[in-house]
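What follows is a short report on a single structure.
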Amino acid sequence: MAFIIRAQNVSFCYSEGESKSPPVLKDINLQFEKGQFIGIIGHNGSGKSTLAKHFNALLLPTKGNVYVKDMDTKDAKHLWDIRQTAGLVFQNPDNQIVAAIVEEDVAFGPENLGIPPEEIRKRVEYALKAVGMWEYKDFPPHMLSGGQKQRVAIAGIIAMKPECIVLDEPTAMLDPIGRREVISTIKKLNKEEGITVILITHFMEEVVDADRVIVMDDGKVVLDGTPKEVFKEVEVLKKIGLDVPQVTELAHQLRKEGIDIPSDILTIEEMVEFICR
């Protein structure tokens, strides 16, 4: 089985020595298969964003190891290969966009890799078409909506030809329309392009279609399974301050009222199918 990322006994503190801070990550053990769509959820301060930054060596474990395609992130000679394998998209697209024109921004990463101009042009066209932004290639980024900017930021990562994209709360600053645009793009890249997607989010509905959902609390993994397996644990999720998808919450309340309804219903379609039986 091909694991694109492995975390072994990973713990992390932001400061050590005399002023050592409490651990933000505590003995994390995870393995991600190539081609999966993985959602990582948790409330603010759970450690999910800190963990995301370990997946492309932006942060290094205080204890334990992270491997990207068997390359140890602590080994400096692998740094560029790791970051080309696992691209990171940040919460605020304005922090990731560096050029005055969309096309130039997407070309920035490949140019830094020393890729020939003709290949860069092909990559830019491919990346912008993949996220549905090719028609905006000549636009200045400040003329775009928040969702469009985030799609350009994702295109900039795609142009590097990563095998995995890690997205750290990419929809947190977007309106509902922008969120739908970005999530639709992410799903398309995973299903049609085979890119491994690791989505960090606090919007439960965004990971309903994931292959796997990981729930974090206080720097630890507390749940790990398919969306159905995770979201049926309504009381566990509520105890750590998380909501569940609205349809799952409805099913949970109906069960409490004595109605025999499956606890793992996630979508409106599943609810309608059950009611119509």
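Backbone N, Cα and C define each Cβ position, glycine as well.
Small disclaimer: the values here were computed from a predicted structure and weren't measured.
Residues annotated as domain 'ABC transporter' in Swiss-Prot: 5-243. Taken from Swiss-Prot, the feature ATP binding site covers Gly42, His43, Asn44, Gly45, Ser46, Gly47, Lys48, Ser49.
What Swiss-Prot annotates, mapped onto the structure for a quick look.
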residue : record           : Cβ contacts under 8 Å, 6 or more apart
Gly42   : ATP binding site : Lys48, His202, Val215, Met216, Asp217, Ile240, Leu242
His43   : ATP binding site : His202, Asp217, Ile240, Gly241, Leu242
Asn44   : ATP binding site : His202
Gly45   : ATP binding site : none
Ser46   : ATP binding site : Met216, Asp217, Asp218, Gly219, Ile240
Gly47   : ATP binding site : Val24, Leu25, Lys26, Met216, Asp218, Gly219, Lys220
Ser49   : ATP binding site : Asp168, Glu169, Ile200
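Within 10 Å of the C-beta of Lys48 (ATP binding site) we count 23 further C-beta atoms, all protein chains included. The domain 'ABC transporter' (5-243) scores a mean pLDDT of 92 in the predicted structure. Same-chain residues that are not part of Gly42, His43, Asn44, Gly45, Ser46, Gly47, Lys48, Ser49 yet have a Cβ within 8 Å of the Cβ center of the ATP site turn out to be Thr50, His202, Met216, Asp217. DSSP assigns Ser49 (ATP binding site) to a helical segment in the three-state reduction.
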